[in-house]
Amino acid sequence: MNTHRLSSTDADFDARLDALTAWSEERDSEVTERVHAIIQDVRRRGDAALVEYTNRFDRRQATDMAELVIDADALQAALARIPAAHREALEIAAERVRSYHRRQLTESWQYRDEDGTLLGQQVTALDRAGLYVPGGKAAYPSSVLMNAIPAQVAGVGEVVMVSPSPDGELNDTVLAAAAIAGVSRVLSIGGAQAVAALAYGTETVPAVDKIVGPGNIYVAEAKRQVFGKVGIDMIAGPSEIVVVCDGHSDPDWIAMDLFSQAEHDEEAQAILLCPDAAFIDAVQASMARLVTTLERETIIRTSMADRGALILTRDLNEAIEVVNRLAPEHLELSMADAEQWAKKVRHAGAIFLGRHTPEALGDYCAGPNHVLPTSATARFSSPLGVYDFQKRSSLIGCSPAGASRLAAVASPLARSEGLTAHARSAEYRLIES
Ligand SMILES: NC(=O)c1ccc[n+]([C@@H]2O[C@H](COP(=O)([O-])OP(=O)(O)OC[C@H]3O[C@@H](n4cnc5c(N)ncnc54)[C@H](O)[C@@H]3O)[C@@H](O)[C@H]2O)c1
Ligand SMILES: N[C@H](CO)Cc1c[nH]c[nH+]1
Ligand SMILES: [Zn+2]
(Lines of atoms letter the chains of each structure in order from A and count residues from 1; the text may use other names and numbers.)
(Lines give C-alpha, C1' and ligand atoms only; values in the text may rest on other atoms or scores of the structure.)
(Ligands and ions follow the chains in the order given, each with its own letter.)
Protein backbone atom coordinates (compact mmCIF):
# COMPACT_ATOMS: atom_id res chain seq x y z
CA MET A 1 0.00 0.00 0.00
CA ASN A 2 1.28 3.39 -0.98
CA THR A 3 2.14 5.62 1.95
CA HIS A 4 5.14 7.62 3.13
CA ARG A 5 7.95 5.71 4.87
CA LEU A 6 10.21 7.84 7.04
CA SER A 7 12.96 7.15 9.53
CA SER A 8 13.99 9.61 12.22
CA THR A 9 17.61 8.93 11.25
CA ASP A 10 17.07 10.23 7.68
CA ALA A 11 19.01 13.44 7.05
CA ASP A 12 15.86 15.13 5.71
CA PHE A 13 13.51 13.73 8.38
CA ASP A 14 12.48 17.10 9.87
CA ALA A 15 11.77 18.64 6.49
CA ARG A 16 9.77 15.62 5.31
CA LEU A 17 7.72 15.51 8.49
CA ASP A 18 6.96 19.24 8.23
CA ALA A 19 5.94 18.87 4.59
CA LEU A 20 3.68 15.96 5.41
CA THR A 21 1.73 17.81 8.08
CA ALA A 22 1.53 21.23 6.40
CA TRP A 23 -1.13 22.32 3.93
CA SER A 24 0.35 23.67 0.71
CA GLU A 25 0.29 27.45 0.39
CA GLU A 26 -1.80 27.27 -2.79
CA ARG A 27 -4.36 25.02 -1.12
CA ASP A 28 -4.44 27.29 1.91
CA SER A 29 -5.02 30.47 -0.05
CA GLU A 30 -7.49 28.86 -2.43
CA VAL A 31 -9.63 27.70 0.51
CA THR A 32 -9.24 31.03 2.37
CA GLU A 33 -10.40 33.05 -0.63
CA ARG A 34 -13.27 30.78 -1.52
CA VAL A 35 -14.55 30.76 2.05
CA HIS A 36 -14.18 34.54 2.35
CA ALA A 37 -16.28 35.05 -0.79
CA ILE A 38 -19.01 32.71 0.47
CA ILE A 39 -19.16 34.40 3.88
CA GLN A 40 -19.43 37.88 2.36
CA ASP A 41 -22.15 36.77 -0.02
CA VAL A 42 -24.26 35.14 2.71
CA ARG A 43 -23.75 38.20 4.90
CA ARG A 44 -25.00 40.43 2.07
CA ARG A 45 -27.78 38.36 0.54
CA GLY A 46 -28.91 36.14 3.45
CA ASP A 47 -31.26 33.26 2.66
CA ALA A 48 -31.01 33.73 -1.12
CA ALA A 49 -27.24 33.10 -1.08
CA LEU A 50 -27.64 30.29 1.45
CA VAL A 51 -30.09 28.46 -0.80
CA GLU A 52 -27.88 28.97 -3.88
CA TYR A 53 -24.73 27.61 -2.23
CA THR A 54 -26.64 24.70 -0.72
CA ASN A 55 -28.03 23.78 -4.15
CA ARG A 56 -24.56 24.05 -5.67
CA PHE A 57 -22.44 22.24 -3.07
CA ASP A 58 -24.98 19.74 -1.76
CA ARG A 59 -26.72 19.11 -5.08
CA ARG A 60 -30.14 20.25 -3.82
CA GLN A 61 -33.01 21.86 -5.73
CA ALA A 62 -34.46 24.07 -3.00
CA THR A 63 -36.29 27.23 -4.03
CA ASP A 64 -36.71 28.56 -0.50
CA MET A 65 -34.99 28.22 2.90
CA ALA A 66 -38.26 26.84 4.31
CA GLU A 67 -37.55 23.63 2.37
CA LEU A 68 -34.29 23.22 4.30
CA VAL A 69 -35.82 23.39 7.78
CA ILE A 70 -36.50 20.10 9.60
CA ASP A 71 -38.94 20.55 12.46
CA ALA A 72 -39.41 18.70 15.77
CA ASP A 73 -42.11 16.39 14.37
CA ALA A 74 -39.76 15.20 11.62
CA LEU A 75 -37.05 14.54 14.21
CA GLN A 76 -39.44 12.48 16.35
CA ALA A 77 -40.67 10.61 13.27
CA ALA A 78 -37.07 9.67 12.40
CA LEU A 79 -36.54 8.44 15.96
CA ALA A 80 -39.58 6.20 15.62
CA ARG A 81 -38.37 4.89 12.24
CA ILE A 82 -34.79 3.84 12.95
CA PRO A 83 -34.02 0.19 13.86
CA ALA A 84 -34.39 -0.57 17.57
CA ALA A 85 -30.70 -1.58 17.81
CA HIS A 86 -29.61 1.83 16.47
CA ARG A 87 -31.91 3.65 18.87
CA GLU A 88 -30.63 1.64 21.81
CA ALA A 89 -26.99 2.30 20.82
CA LEU A 90 -27.71 6.03 20.48
CA GLU A 91 -29.37 6.10 23.89
CA ILE A 92 -26.51 4.24 25.60
CA ALA A 93 -23.93 6.51 23.92
CA ALA A 94 -25.94 9.61 24.87
CA GLU A 95 -26.09 8.53 28.51
CA ARG A 96 -22.33 7.84 28.67
CA VAL A 97 -21.53 11.18 27.02
CA ARG A 98 -23.92 12.97 29.41
CA SER A 99 -22.49 11.27 32.47
CA TYR A 100 -18.91 12.24 31.46
CA HIS A 101 -19.82 15.83 30.63
CA ARG A 102 -21.82 16.44 33.81
CA ARG A 103 -18.49 16.23 35.64
CA GLN A 104 -17.27 19.25 33.67
CA LEU A 105 -20.00 21.59 34.86
CA THR A 106 -18.45 24.62 36.57
CA GLU A 107 -20.40 26.30 39.38
CA SER A 108 -20.30 29.95 40.37
CA TRP A 109 -18.13 30.64 43.43
CA GLN A 110 -17.49 33.51 45.80
CA TYR A 111 -15.83 34.36 49.09
CA ARG A 112 -15.46 37.39 51.38
CA ASP A 113 -12.10 38.78 52.38
CA GLU A 114 -11.28 40.06 55.87
CA ASP A 115 -13.00 43.45 55.18
CA GLY A 116 -16.23 41.76 54.11
CA THR A 117 -15.59 42.47 50.43
CA LEU A 118 -17.18 39.88 48.18
CA LEU A 119 -15.06 38.39 45.40
CA GLY A 120 -16.03 35.63 43.02
CA GLN A 121 -17.01 34.37 39.64
CA GLN A 122 -20.55 34.06 38.27
CA VAL A 123 -20.91 31.31 35.67
CA THR A 124 -23.60 31.64 33.01
CA ALA A 125 -24.54 29.61 29.95
CA LEU A 126 -24.51 30.97 26.40
CA ASP A 127 -27.83 32.37 25.18
CA ARG A 128 -27.62 30.78 21.75
CA ALA A 129 -25.13 28.29 20.27
CA GLY A 130 -24.75 27.03 16.71
CA LEU A 131 -23.89 23.34 16.40
CA TYR A 132 -22.16 22.21 13.20
CA VAL A 133 -22.68 18.52 12.45
CA PRO A 134 -20.72 17.41 9.37
CA GLY A 135 -22.52 15.57 6.61
CA GLY A 136 -20.63 15.82 3.31
CA LYS A 137 -18.83 12.51 2.90
CA ALA A 138 -20.44 10.66 5.82
CA ALA A 139 -23.36 11.22 8.19
CA TYR A 140 -22.40 11.83 11.83
CA PRO A 141 -25.12 11.02 14.39
CA SER A 142 -22.34 10.68 16.97
CA SER A 143 -21.34 14.31 16.33
CA VAL A 144 -24.92 15.38 17.11
CA LEU A 145 -24.55 13.86 20.58
CA MET A 146 -21.03 15.24 21.08
CA ASN A 147 -22.18 18.78 20.21
CA ALA A 148 -25.64 18.91 21.73
CA ILE A 149 -25.19 17.11 25.05
CA PRO A 150 -22.52 19.43 26.53
CA ALA A 151 -24.66 22.39 25.42
CA GLN A 152 -27.65 20.88 27.18
CA VAL A 153 -25.64 20.11 30.34
CA ALA A 154 -24.39 23.72 30.39
CA GLY A 155 -27.99 24.99 30.08
CA VAL A 156 -27.63 26.89 26.77
CA GLY A 157 -30.79 28.91 26.09
CA GLU A 158 -31.22 27.86 22.47
CA VAL A 159 -29.25 25.62 20.11
CA VAL A 160 -29.36 25.91 16.33
CA MET A 161 -28.11 22.75 14.64
CA VAL A 162 -26.96 22.72 11.02
CA SER A 163 -25.94 19.71 8.95
CA PRO A 164 -25.77 19.31 5.18
CA SER A 165 -27.79 16.64 3.37
CA PRO A 166 -26.06 15.99 0.04
CA ASP A 167 -28.58 15.14 -2.73
CA GLY A 168 -31.38 15.84 -0.27
CA GLU A 169 -30.88 12.53 1.50
CA LEU A 170 -31.75 13.22 5.12
CA ASN A 171 -30.05 10.76 7.42
CA ASP A 172 -32.60 9.29 9.83
CA THR A 173 -29.99 8.42 12.48
CA VAL A 174 -28.73 12.03 12.51
CA LEU A 175 -32.29 13.30 12.97
CA ALA A 176 -33.01 10.66 15.63
CA ALA A 177 -29.83 11.63 17.51
CA ALA A 178 -31.02 15.24 17.46
CA ALA A 179 -34.33 14.16 19.00
CA ILE A 180 -32.50 12.16 21.70
CA ALA A 181 -30.17 15.08 22.47
CA GLY A 182 -33.09 17.52 22.84
CA VAL A 183 -32.51 19.53 19.65
CA SER A 184 -35.82 20.91 18.42
CA ARG A 185 -35.00 22.06 14.89
CA VAL A 186 -32.34 21.22 12.32
CA LEU A 187 -31.32 23.26 9.29
CA SER A 188 -30.22 21.15 6.37
CA ILE A 189 -27.31 23.36 5.35
CA GLY A 190 -23.55 22.96 5.65
CA GLY A 191 -20.12 24.21 4.66
CA ALA A 192 -18.89 27.80 4.86
CA GLN A 193 -22.37 29.08 3.97
CA ALA A 194 -23.91 27.51 7.09
CA VAL A 195 -21.14 28.92 9.30
CA ALA A 196 -21.69 32.37 7.76
CA ALA A 197 -25.44 32.15 8.35
CA LEU A 198 -24.93 31.22 12.01
CA ALA A 199 -22.44 34.04 12.49
CA TYR A 200 -24.34 36.86 10.77
CA GLY A 201 -27.91 35.58 10.76
CA THR A 202 -30.25 35.47 7.78
CA GLU A 203 -34.02 35.82 7.44
CA THR A 204 -34.37 32.17 8.57
CA VAL A 205 -31.23 31.42 10.55
CA PRO A 206 -30.84 33.24 13.86
CA ALA A 207 -27.37 34.65 14.57
CA VAL A 208 -25.73 32.74 17.41
CA ASP A 209 -23.16 33.70 20.04
CA LYS A 210 -20.77 30.82 19.41
CA ILE A 211 -20.30 28.17 16.72
CA VAL A 212 -19.00 24.75 17.72
CA GLY A 213 -18.42 21.45 15.98
CA PRO A 214 -16.16 19.70 13.50
CA GLY A 215 -16.09 19.83 9.73
CA ASN A 216 -13.95 19.67 6.65
CA ILE A 217 -11.37 22.24 5.62
CA TYR A 218 -14.05 24.71 4.38
CA VAL A 219 -15.94 24.54 7.67
CA ALA A 220 -12.79 24.87 9.77
CA GLU A 221 -11.61 27.87 7.73
CA ALA A 222 -15.06 29.52 7.86
CA LYS A 223 -15.11 29.22 11.66
CA ARG A 224 -11.65 30.77 11.78
CA GLN A 225 -12.83 33.69 9.62
CA VAL A 226 -15.99 34.48 11.61
CA PHE A 227 -14.18 34.31 14.95
CA GLY A 228 -14.55 37.66 16.64
CA LYS A 229 -18.08 38.22 15.36
CA VAL A 230 -18.93 35.03 17.23
CA GLY A 231 -16.99 32.72 19.50
CA ILE A 232 -15.76 29.39 18.22
CA ASP A 233 -14.72 26.30 20.09
CA MET A 234 -11.52 25.45 18.18
CA ILE A 235 -10.23 24.42 14.79
CA ALA A 236 -11.66 20.90 14.42
CA GLY A 237 -10.87 20.00 10.82
CA PRO A 238 -10.05 16.77 8.96
CA SER A 239 -9.44 13.88 11.34
CA GLU A 240 -5.99 12.80 12.46
CA ILE A 241 -4.58 9.81 14.29
CA VAL A 242 -1.07 9.07 15.49
CA VAL A 243 -0.47 5.55 16.76
CA VAL A 244 2.63 4.82 18.82
CA CYS A 245 3.27 1.09 18.98
CA ASP A 246 6.01 -0.88 20.72
CA GLY A 247 5.82 -3.54 18.01
CA HIS A 248 3.92 -6.09 20.08
CA SER A 249 0.33 -5.39 18.98
CA ASP A 250 -1.48 -7.29 16.24
CA PRO A 251 -0.48 -5.52 12.97
CA ASP A 252 -4.05 -5.94 11.65
CA TRP A 253 -5.36 -3.98 14.62
CA ILE A 254 -2.92 -1.15 14.00
CA ALA A 255 -3.66 -1.08 10.25
CA MET A 256 -7.40 -0.81 10.92
CA ASP A 257 -6.91 1.82 13.64
CA LEU A 258 -5.02 3.95 11.09
CA PHE A 259 -7.73 3.36 8.47
CA SER A 260 -10.46 4.31 10.94
CA GLN A 261 -9.40 7.94 10.64
CA ALA A 262 -8.09 7.84 7.06
CA GLU A 263 -11.57 6.79 5.91
CA HIS A 264 -13.10 10.10 7.04
CA ASP A 265 -11.63 12.23 4.30
CA GLU A 266 -8.91 12.30 1.62
CA GLU A 267 -7.48 15.10 3.76
CA ALA A 268 -7.44 13.05 6.97
CA GLN A 269 -4.05 12.03 8.37
CA ALA A 270 -2.95 8.69 9.87
CA ILE A 271 0.60 8.16 11.13
CA LEU A 272 2.33 5.23 12.85
CA LEU A 273 5.43 5.75 15.02
CA CYS A 274 7.32 2.62 15.98
CA PRO A 275 10.92 1.64 16.80
CA ASP A 276 10.60 -1.82 15.17
CA ALA A 277 11.18 -1.86 11.37
CA ALA A 278 9.92 -5.44 10.94
CA PHE A 279 6.66 -4.55 12.70
CA ILE A 280 6.20 -1.54 10.40
CA ASP A 281 6.60 -3.89 7.41
CA ALA A 282 3.95 -6.18 8.93
CA VAL A 283 1.54 -3.26 9.38
CA GLN A 284 2.10 -2.19 5.77
CA ALA A 285 1.34 -5.74 4.60
CA SER A 286 -1.83 -5.77 6.73
CA MET A 287 -2.87 -2.46 5.24
CA ALA A 288 -2.44 -3.77 1.68
CA ARG A 289 -4.58 -6.81 2.45
CA LEU A 290 -7.27 -5.11 4.54
CA VAL A 291 -7.87 -1.99 2.49
CA THR A 292 -9.55 -3.97 -0.28
CA THR A 293 -12.21 -5.12 2.18
CA LEU A 294 -13.43 -1.61 2.98
CA GLU A 295 -16.19 0.42 1.33
CA ARG A 296 -14.17 3.61 1.57
CA GLU A 297 -11.07 2.10 -0.02
CA THR A 298 -10.59 5.00 -2.43
CA ILE A 299 -10.67 7.67 0.27
CA ILE A 300 -8.33 5.61 2.46
CA ARG A 301 -5.84 5.05 -0.35
CA THR A 302 -5.75 8.77 -1.18
CA SER A 303 -5.43 9.82 2.44
CA MET A 304 -2.64 7.29 3.14
CA ALA A 305 -0.77 8.13 -0.07
CA ASP A 306 -0.97 11.91 0.35
CA ARG A 307 -0.84 12.45 4.10
CA GLY A 308 -0.23 9.10 5.81
CA ALA A 309 3.12 7.84 7.09
CA LEU A 310 4.82 4.90 8.75
CA ILE A 311 7.74 6.28 10.74
CA LEU A 312 10.63 4.36 12.25
CA THR A 313 11.97 5.98 15.42
CA ARG A 314 15.13 5.19 17.39
CA ASP A 315 13.08 4.25 20.44
CA LEU A 316 9.77 4.95 22.17
CA ASN A 317 11.06 8.11 23.86
CA GLU A 318 11.81 9.59 20.46
CA ALA A 319 8.35 8.51 19.25
CA ILE A 320 6.77 10.53 22.07
CA GLU A 321 8.96 13.53 21.18
CA VAL A 322 7.55 13.36 17.64
CA VAL A 323 4.03 13.14 19.10
CA ASN A 324 4.58 16.35 21.05
CA ARG A 325 5.79 18.02 17.88
CA LEU A 326 2.73 16.84 15.90
CA ALA A 327 0.19 17.59 18.67
CA PRO A 328 -2.28 15.19 17.02
CA GLU A 329 -6.04 15.18 17.41
CA HIS A 330 -5.99 11.51 18.49
CA LEU A 331 -3.08 9.61 19.97
CA GLU A 332 -3.22 5.86 20.43
CA LEU A 333 -0.58 4.38 22.73
CA SER A 334 -0.66 0.74 21.65
CA MET A 335 2.03 -0.42 23.98
CA ALA A 336 2.86 -1.82 27.40
CA ASP A 337 2.67 0.67 30.32
CA ALA A 338 0.59 3.10 28.26
CA GLU A 339 -0.52 5.03 31.35
CA GLN A 340 3.09 5.72 32.30
CA TRP A 341 4.03 6.77 28.76
CA ALA A 342 0.97 9.07 28.60
CA LYS A 343 2.53 11.22 31.33
CA LYS A 344 5.21 12.27 28.83
CA VAL A 345 2.61 13.48 26.32
CA ARG A 346 2.14 17.24 26.44
CA HIS A 347 0.07 17.84 23.30
CA ALA A 348 -2.78 15.64 22.03
CA GLY A 349 -6.55 16.14 21.77
CA ALA A 350 -7.33 12.71 23.21
CA ILE A 351 -5.05 9.90 24.39
CA PHE A 352 -6.14 6.27 24.00
CA LEU A 353 -4.34 4.03 26.47
CA GLY A 354 -3.24 0.51 25.62
CA ARG A 355 -3.83 -2.06 22.90
CA HIS A 356 -7.49 -2.53 23.79
CA THR A 357 -8.45 1.12 23.35
CA PRO A 358 -8.99 1.78 19.65
CA GLU A 359 -9.74 5.39 18.85
CA ALA A 360 -13.06 4.34 17.29
CA LEU A 361 -14.54 3.63 20.74
CA GLY A 362 -13.92 7.26 21.66
CA ASP A 363 -15.62 8.39 18.47
CA TYR A 364 -18.92 6.87 19.51
CA CYS A 365 -19.51 5.98 23.07
CA ALA A 366 -16.64 5.96 25.60
CA GLY A 367 -17.94 9.27 26.98
CA PRO A 368 -15.30 11.97 26.30
CA ASN A 369 -16.01 14.33 23.43
CA HIS A 370 -14.88 13.41 19.92
CA VAL A 371 -14.81 17.04 18.77
CA LEU A 372 -11.09 17.68 19.10
CA PRO A 373 -8.45 20.14 17.93
CA THR A 374 -6.61 19.32 14.69
CA SER A 375 -3.63 20.76 12.73
CA ALA A 376 -1.42 20.87 15.84
CA THR A 377 -3.85 23.20 17.65
CA ALA A 378 -3.87 20.73 20.55
CA ARG A 379 -0.85 22.81 21.62
CA PHE A 380 -3.38 25.38 22.87
CA SER A 381 -6.90 23.93 22.49
CA SER A 382 -8.88 21.29 24.37
CA PRO A 383 -11.70 18.87 23.56
CA LEU A 384 -15.18 20.36 23.18
CA GLY A 385 -16.77 20.43 26.61
CA VAL A 386 -19.41 21.96 28.84
CA TYR A 387 -16.90 24.77 29.52
CA ASP A 388 -17.26 25.85 25.86
CA PHE A 389 -20.90 26.67 26.50
CA GLN A 390 -20.30 28.50 29.78
CA LYS A 391 -18.70 31.84 30.44
CA ARG A 392 -17.64 33.62 33.56
CA SER A 393 -18.23 37.10 34.97
CA SER A 394 -16.06 38.38 37.80
CA LEU A 395 -17.88 39.57 40.93
CA ILE A 396 -16.52 42.37 43.14
CA GLY A 397 -18.64 43.82 45.96
CA CYS A 398 -16.76 46.11 48.34
CA SER A 399 -17.74 46.75 51.92
CA PRO A 400 -17.10 50.40 52.98
CA ALA A 401 -13.98 49.31 54.87
CA GLY A 402 -12.81 47.17 51.95
CA ALA A 403 -13.36 50.00 49.44
CA SER A 404 -11.30 52.35 51.62
CA ARG A 405 -8.42 49.88 51.86
CA LEU A 406 -8.43 49.16 48.12
CA ALA A 407 -8.69 52.89 47.30
CA ALA A 408 -5.44 53.49 49.16
CA VAL A 409 -3.77 50.98 46.82
CA ALA A 410 -5.57 51.99 43.62
CA SER A 411 -5.04 55.73 43.99
CA PRO A 412 -1.21 55.83 43.66
CA LEU A 413 -1.32 53.23 40.88
CA ALA A 414 -3.88 55.30 38.95
CA ARG A 415 -1.84 58.47 39.42
CA SER A 416 1.29 56.66 38.21
CA GLU A 417 -0.63 55.90 35.02
CA GLY A 418 -1.75 59.51 34.71
CA LEU A 419 -5.39 58.47 35.03
CA THR A 420 -6.66 61.06 37.48
CA ALA A 421 -10.37 60.26 37.19
CA HIS A 422 -9.60 56.68 38.21
CA ALA A 423 -7.63 57.96 41.20
CA ARG A 424 -10.33 60.39 42.31
CA SER A 425 -13.09 57.83 41.83
CA ALA A 426 -11.20 55.53 44.20
CA GLU A 427 -10.31 58.34 46.64
CA TYR A 428 -14.01 59.25 47.13
CA ARG A 429 -14.28 55.88 48.90
CA LEU A 430 -11.44 56.57 51.36
CA ILE A 431 -12.56 56.65 54.98
CA GLU A 432 -10.55 59.02 57.20
CA SER A 433 -9.31 57.14 60.26
N1 LIG B 1 -11.85 17.16 14.41
C2 LIG B 1 -12.99 16.60 14.77
O3 LIG B 1 -13.35 16.66 15.94
C4 LIG B 1 -13.85 15.88 13.75
C5 LIG B 1 -14.99 15.14 14.13
C6 LIG B 1 -15.79 14.55 13.14
C7 LIG B 1 -15.44 14.70 11.81
N8 LIG B 1 -14.34 15.42 11.49
C9 LIG B 1 -13.96 15.73 10.12
O10 LIG B 1 -15.05 16.45 9.58
C11 LIG B 1 -14.99 16.38 8.19
C12 LIG B 1 -16.36 16.12 7.61
O13 LIG B 1 -16.27 16.47 6.27
P14 LIG B 1 -17.43 16.23 5.25
O15 LIG B 1 -16.94 16.75 3.95
O16 LIG B 1 -17.89 14.82 5.34
O17 LIG B 1 -18.65 17.12 5.78
P18 LIG B 1 -18.78 18.69 6.11
O19 LIG B 1 -20.19 18.87 6.55
O20 LIG B 1 -17.72 19.15 7.01
O21 LIG B 1 -18.56 19.42 4.72
C22 LIG B 1 -19.50 19.36 3.69
C23 LIG B 1 -19.67 20.74 3.11
O24 LIG B 1 -18.43 21.23 2.61
C25 LIG B 1 -18.68 22.17 1.60
N26 LIG B 1 -17.79 21.91 0.46
C27 LIG B 1 -17.42 20.71 -0.05
N28 LIG B 1 -16.64 20.91 -1.14
C29 LIG B 1 -16.56 22.25 -1.32
C30 LIG B 1 -15.91 23.08 -2.28
N31 LIG B 1 -15.18 22.56 -3.26
N32 LIG B 1 -16.02 24.43 -2.15
C33 LIG B 1 -16.74 24.97 -1.13
N34 LIG B 1 -17.39 24.22 -0.21
C35 LIG B 1 -17.28 22.89 -0.31
C36 LIG B 1 -20.10 22.02 1.18
O37 LIG B 1 -20.80 23.15 1.56
C38 LIG B 1 -20.62 20.80 1.95
O39 LIG B 1 -21.92 21.00 2.41
C40 LIG B 1 -13.97 15.29 7.84
O41 LIG B 1 -12.78 15.93 7.44
C42 LIG B 1 -13.78 14.57 9.16
O43 LIG B 1 -12.49 14.02 9.24
C44 LIG B 1 -13.56 16.03 12.42
N1 LIG C 1 -13.05 10.57 14.40
C2 LIG C 1 -13.94 11.72 14.29
C3 LIG C 1 -13.22 12.91 14.92
O4 LIG C 1 -12.06 13.22 14.24
C5 LIG C 1 -15.28 11.53 14.94
C6 LIG C 1 -16.12 10.44 14.37
C7 LIG C 1 -17.46 10.39 14.29
N8 LIG C 1 -17.83 9.23 13.72
C9 LIG C 1 -16.73 8.56 13.49
N10 LIG C 1 -15.70 9.29 13.87
ZN1 LIG D 1 -13.66 8.79 13.43
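Placement of Cβ uses the backbone N, Cα and C atoms for every residue, glycine included.
What TrEMBL annotates here:
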BINDING   TYR132, GLN193, ASN216  NAD(+) binding site
BINDING   SER239, GLN261, HIS264, HIS330, ASP363, GLU417, HIS422  substrate binding site
BINDING   GLN261, HIS264, ASP363, HIS422  Zn(2+) binding site
ACT_SITE  GLU329  active site, proton acceptor
ACT_SITE  HIS330  active site, proton acceptor
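Across the fold, the C-alpha of TYR132 (NAD(+) binding site) and the C-alpha of SER239 (substrate binding site) stand 15 Å from each other. The local packing around HIS330 (substrate binding site), expressed as other Cβ atoms within 10 Å of its Cβ over all shown chains, amounts to 26. Annotation note: HIS330 (substrate binding site) sits in a strand segment as assigned by DSSP. HIS264 (substrate binding site) counts 25 other C-beta atoms within 10 Å of its own C-beta, drawing on all protein chains shown.
Reported as a whole number, the C-alpha separation between HIS422 (substrate binding site) and GLN193 (NAD(+) binding site) equals 46 Å. Remark: of the binding-site residues GLN193, ASN216, SER239, GLN261, the most isolated position is ASN216 (fewest other Cβ atoms within 10 Å of its Cβ). For ligand 1, the neighbouring binding-site residues among ASN216, SER239, GLN261, HIS264, HIS422 are ASN216, SER239, HIS264, by Cβ distance under 6 Å. Of the candidate recorded positions, HIS264, GLU329, ASP363, GLU417, the one lying closest to ASN216 (NAD(+) binding site) when CA atoms are compared is HIS264.
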